[in-house]
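Report on the structure given below.
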């Protein structure tokens, strides 16, 4: 897995640290450094992009009820924090002691989402390592990691008496500092599903907490590269002591940098990871792959009956398979309606702000507890998941067996037996905030309408065009892709087209020469010898390219648009951002470009046409 970077701001109540703001900041920075160190083993960097101490009053309710505190903090993050400071995940570190044995809580598989990418952590130890381990544990849940329970048979290279692994259900002293084989597997499965789309984007280095430093692994202002300190740097293109490029190196980092040089434009640098993701391509001018983009929320999934949400295609069927194994499928709608109308631990639409189970309205029933049929005899996610079976009699006779689950995953995780946000719950409908809502709330149809039927809308509300059409609206010939993802046309495919264009024009030239020598069609194209052929005769043969370009750009070629032999040969290309239409007899351009900047294949066309003109004379 390529190196991914997670930008995380931290919020803290500071009464526990003697109301010393600087002491609090120092402690939080130390916690963040520990977490970054833990996740480096998973090829993920955790970048601290913000740190705020609530010294006067809490900006959201913080109580001993961890569920309510998490709910309030995530709401505050979505409505207040995200619009002000872009980030991937936010964690609240609190000095308040939560009820029971809970020392942290976070939603599972929620990384990068606007609604649930965050968690709460209790600062439960004088040693900052304690809070760091809890924060890393809750981040793990955001990434889709489950607990390392005995029945999972997880491999941990550290024995329990020495701390064990980070995702153990309960944490004690000594504190764990490594991830198990189960955690690594859970992470890979989540990433394959599309969890963590934001990790592929570089964090804004100008807002990194702690200031600029050569050797921290982030290329900051004034640095050409940064491969870490002298001991860890293995990059042949970067000088670790000065953070400058070596020798003739043009780049040192990034998926579009190879052997210290930039890869050509159009080179794939990130493939689609799932049915809602979009590919990215090198631009030819930047060593980094463009920021990860995916289909607009509400867009239909490719090849799957569902809707995209945060780059993931969630379906009832996939969730049933996750819980019950292969062969499982969603139960009929009546199961969702009957079971989830109860408003109890086994059938509900989640909890309200007071922590009480909420009944599902009939229209929202498919957004409550997941109901399945078939599959294994018991849930396949571990012994802490129990089967809740309900038999529902039918009016026409017979009964339907509905299979739900109640999962005991500890006090730090909301119920994973609930239908996931973004799951399709009807035609053009998806689950949002435990309600079945129309996808039109995202504006996906209006966004797609501007793509001329030749592209799809991405999460930045821009068109991702098909291979032969140009962004931003896919209404002109071009190289595909989007303004966000780079051109998707490969260089070798352009070479083939160049060859076809050159061969075709040269064949035209040969045909014209034969016709002219026979005096059969000379009158068709030599209508004004003084204004055309005679002018070209003043140029030497070695000046053909510049002669032809200047002649065409000046607009002196046949203004009627009539072409040789009464035919049209038209090829539309992009020259430095301007569309030029080339006919066999003229070049129409709104702007004139220096000859050396004209694409090579266009110069070949000019040479062929020039040869035709000289030989025809």
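Just so it is clear, glycine is given a Cβ too, placed from its N, Cα and C backbone atoms.
Nobody curates TrEMBL annotations by hand; they come from automatic prediction.
It should be emphasised that the depicted structure is a prediction, and the values quoted were computed from it without experimental measurement.
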Checking feature assignment: transmembrane segment per TrEMBL, candidates 479-497, 498-516, 517-535, 536-554. Which range matches?
498-516
Please indicate, using numbers and ranges, the residues of the same chain that are 6 or more beyond the domain 'EGF-like' (443-475) and have a C-beta under 8 Å from a C-beta there.
278, 293-299, 311, 481-485, 488-489, 574
Euclidean distance between Cα atoms of residue 465 (disulfide bond) and residue 289 (disulfide bond), Å:
18
In whole Å, note down how far the CA of residue 138 (active site) lies from the CA of residue 447 (disulfide bond).
36
Of the recorded positions 137, 138, 141, 147, which one has its Cα closest to the Cα of residue 465 (disulfide bond)?
141
Give me the CA-CA distance between residue 269 (disulfide bond) and residue 141 (Zn(2+) binding site), in Å, as a whole number.
28
Euclidean distance between Cα atoms of residue 457 (disulfide bond) and residue 137 (Zn(2+) binding site), Å:
35
When the number of other CB atoms within 10 A of each residue's CB is tallied over all shown chains, which of the disulfide-bonded residues 269, 447, 465, 474 has the maximum?
465
Counts by DSSP class (helix H/G/I, strand E/B, coil) across the domain 'Disintegrin' (211-297):
0 helix, 16 strand, 71 coil
